[in-house]
Each structure stands twice: as C-alpha cells, then as structure tokens.
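Lifted from TrEMBL, the feature list:
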ACT_SITE  Glu177  active site, proton donor
ACT_SITE  Glu257  active site, nucleophile
DOMAIN    30-342  domain 'Glycoside hydrolase 35 catalytic'
DOMAIN    385-497  domain 'Beta-galactosidase 1-like first all-beta'
DOMAIN    522-580  domain 'Beta-galactosidase galactose-binding'
Amino acid sequence: PNIVFIYLGSHGHRNADSRSFSIDYKNNCFQKDGKPFQYISGSIHYSRIPREYWKDRLLKMYMTGLNAIQVYVPWNFHETVQGVFNFAGDRDLEYFLNLANQTGLLVILRPGPYICAEWEMGGLPAWLLQKPNIILRSADTEYLKPASDWLAMLLTKMKPWLYQNGGNIISVQVENEYGSYFACDYNYMRHLHTLFRLFLGEDVILFTTDGNTDKEMICGTLEGLYATIDFGTDTNITAAFIRQRRFEPKGPLVNSEFYTGWLDHWGDKHASVDTVKVSKMLGEMLSMGASVNMYMFEGGTNFGYWNGKFRSVVTSYDYNAPLSEAGDPTDKLLAIRDVIKNFRDIPVGPMPPATPKFAYGFITLQKVSLLDTLSPQGPVRSQYPLTFEEIKQYYGFMLYRTTLPRNVPEPTPLISPLNGIHDRAYVSVNGVFQGLMERDTALVMNVTGQQGDQLDILVENMGRVNFGSYINDNKSLLGNLILGNDVLTDWSIYPLDIDTAVANGLLQVDHSGSAMEAGDGPMIYSGTLKSTGLAWDTFVKLNGWTKGQVWVNGVNLGRYWPQRGPQQTLYVPGPFLSATQPNNITVLELERAPSHRRILFMDRPQLNSTGQKT
C-alpha cells in the first residue's frame, strides 16, 4: 500500500490525522493512538545545557529506555526585557523540541508561568517587581496581564507541536506546584485554565503537579486539570497514590517528579540519593502501571546569574542525577536502564559515551585596570538608595557610592537596620576594602575614615528566591544605611554591565606594576588559556580564591565559592572553548585573591567538599 505522509509546516510531522493522546478513565491509563500507554520520562532543562549538547543528552535518555522527557520553559529566560522575546541560539525551544522528536522522545511541557526549578525567581521575570505591590502568581491584574501576554505568545508557538497536531507534546502543565504557594487563588488557576484551552484547544491533556500533602493538593488542583503528585524515595508509594486517587478517582497514576537526587546549597554537603532506592522504587511504580517522570535525569548548570536562592543554590545543578552535570552516564543511569528493560523494549545499540574531558593545567591571572568600561552610561543620582529593579538592572552587580559625612577616626558601625542588604555588600573607603555585609547574617560592620572620603558599596544579587511566599525578592540596599547616627544620603549608583565589558574585551591587563599586588576586595583578573588543538570539556578549580564569577571567552560560567563549598569546580563545556585561538579567562574576585593567582583546569569535577584549605 502507498503510505502518504502529511507534513505540517517545517516540523517534519506526519500522519497528524490519526494521532491522539488522551486519558482513559475506564482503564485508568493514558491512551496513545487508541492503545494503552505508560510514560517513563526524565526531566531535562535546555536552559541549563549548551545547545551543542542537546542532541547528545537526548540520545542518552532515549538509549536508557525513556519514551518521554519533561521540559520547563523559564519565562525570564525568553523575556528578559518586557515585550522582547528571545528564542534564538541556546533559547531555541522549537529546535530542542524538534531534536527530541527526531530522537523518538515525547514531551511533557511545563510552561509555567512559574516553574520553581531552583531557577532565578522561579522563572518569573524580575521586571515584574517594578510594580511594588504586585501579588505574583495571583489574579492581581498587574501580574496577570504580563503573564497572559507571555502565555499567548508561547502557547501559540507550542500548538503545532502538540501530539495530535503531528508534534511530540503529549501533555501540558498549568502553573507549577501551586498548592505550595500561600495565595491559593482559584480565580488565578481558572484564568490560566481558560487561557491554555483557548490557545491549545480542547484535545490536549492539561495537568497539575503538587507535593504529597493534602494542603498542596487542595490548593494546587482544579476541575478540568488532571491532578498528579510528586514524591521521592523517602515516601510510601501506596500512601502517595492513595492521596492522588482522592483528587483523581480514575485515570492513570502519575508521579510527575520522582526525585533521583537533590539540589545543593552553598555551605551544605553535596546531596545524594541512593541508587538502589531509586531503582527499586521506580520498578515498584512502573509495576503498578504508573507513569513516572524522573526529576532530574540530567540537571545541567546554572550558568550566569540563573541560580535560584533562598539560601543560595550552587552553580552546578548536577543533582546527583543519572546523567552527570557534563552529561555523562552514571551507575544510577545503568541501574535505571536495567529496571526499564522489564517494562519495555530498550533501543538496541551502545549508550553514547561520556564527552571527552581534558586537564589543561594551571594558568596565572593578572589584575585588570577597570577604566570606566563597567558602567558606560554613568551613575544614577539619588538622595537614598534605589533597588536593582528601579534602575532596571535585574542581575549581577551595582555600585553605590557616596562620601563619609564626617570624620570617623574610631571604628564606627555601618548598619543596615532592616536587613536591607540583598544579598551581599562589599564595602570600601577610598578604594581600601573594609569588609562585607550579608543578608540575614552580617548587618553591621565597622568603618573608619575622614569626612569626604569615598564610600563604595558593591552589591551582589545572589539570585532571587525561587520558592515559597518570598518570591517578591528585590535586590540592592533596600533601606537606608546608617553610619553611627547619620543616615547616608546623596548616592551615585552605577549599574555595572560586567558581562558586556568582558564579552567586548574591554577589560585589559594593568601593566602599571604597582597595581599587580593581589589585594582585598572586589577585583577583576584575566588571563589566557592557550589553544591546544582541543576544545574538550574541562572543570576549572579556583583553589585559594574566595568568591566570585568566572567568564570563558565572554561566557559567564556562574559563581564560585570554594570556601563555603561543597562545589569546588565549575563546568566548562567544550563548545565554550576554541581549539585554535587563545581562550580569554576573566575572574571577578569579590573578597580576596590568593597570592599565586593561579586557576587549574582539571578533567573531572569536584562537587563534594566542605570548604577548603588555602
């Protein structure tokens, strides 16, 4: 017989007419093209993996035996500036969906608008905070209007990718774990439900995911949205699914986030979840006919400033997942594959190998003279401090500058009375580092100086809160600073665009000699990793350095903080390096560089250490 392929647009979709994906309430399962279907899925975040590696990671997931992936869409990653949408390069969601489709993977899409994901502000754009009284994730029109505009744009783009339209998206989550948010605003959830139906049609499965408690399931679920649950290896499976059944008496059992590992915070031990427990529990859930998504299957990396916070999340999102941060198969992956073999045919052929790694060795950095390249537009002047959001500088760093109002010959307390340091402030007088202040922990420090001395306060945004009721997380000096009894006023505020300066090569090595001494306080260093003919993955270790940020060829690798740990190395994907040209390395050290000023490129990560010896 002649087989006719129906192509829809440029997606290479075929046979759209005969495709269906639905819930079979009679037999308590999903149905795909009229046959019972159980998904075995893994979470992967395209925003945490370089585009050049998407195909490699998806192929490894497919070869493990997965038939689906689960994907978050971070709103703030695509609409960093209000009204300007970016879906190019590493943000090309449709290219990612197409790769998954070609690989043979279905997609469970989680477009938010809020995603949590240990991602900056849970994926909500920081520009929402320009409305000081906004109630995020609620029916407040100041929030709902931009959220609806975003979803109208995104869901229109996603509609051709729905399974019944010839694509690979089998279900779409509305909001995310809404039951754990204080607002519990059903009108908000109803509005989203209406929007999703309007833009995606009546046929697609819309679902919710919530934690394994009554309160979360009550506030997070809504009639017309299929209620699923999430839980990890510390949970009784039967009890959890009984809870899901109270909210969905019929239909498939679904664990939307089965935790294969966990996230790390600065200052904690590296999280790990036992492989035997993961594989045993996965087997039990699949035996019950449940559909399971493993969170994470590969975690990836919080490059740049994308990490979430309450206690700040580290740069690596390795997650102790089956694929490592660098996308390498682990023993956990092999154990999971052995479980899946009992439930479906695994693709024939070898697992793609780990990407090659290389230890490029030590390089020495030199101090950089800053010139005026970091804040080309000059300062904003204000009687009192302004927030990052008021100045529309959403990520990174700002410098607050004023003068001492009087002589302070004796050490005098500089105080942030309302815990207004969000999140860390590095304090200098006349260019000499005095110390630092930190949110929740260090709100007072002593300074000395003369009337008229320049007081500089470099404020670092360590990532906005991504979970709970404190996601309205403004950054900067959120109240006045008080020196002794004097309120400090007359500020010059410099938004620092370090990323552009680095990318444009504006930070030149200072050859004046005297400035070559390693000093305390914020300082930029740069150096060159010579080309070796290789551009392989590597891991940079900053032994003896304190805290800061690293760029390779203008790409922001993220934050380092070896003294707090547990993460000691930053992942450098091979595609960020050049095999033929010298590679520019830039380091912003915020507190104190070691006298050796060396950094080391290794062929393996170190994610599990508590602090370091210098």
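Keep in mind that glycine also has a Cβ here, set from the backbone N, Cα and C atoms.
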Round to a whole number and give the Cα-to-Cα distance in Å for the pair Glu257 (active site, nucleophile) and Glu177 (active site, proton donor).
11
What is the total of other Cβ atoms whose distance to the Cβ of Glu257 (active site, nucleophile) is within 10 Å?
23
State the count of C-beta atoms found within 10 angstroms of the C-beta of Glu177 (active site, proton donor), not counting that atom itself.
22
Using DSSP, how many residues of the domain 'Beta-galactosidase 1-like first all-beta' (385-497) fall into helix, strand and coil, respectively?
4 helix, 57 strand, 52 coil
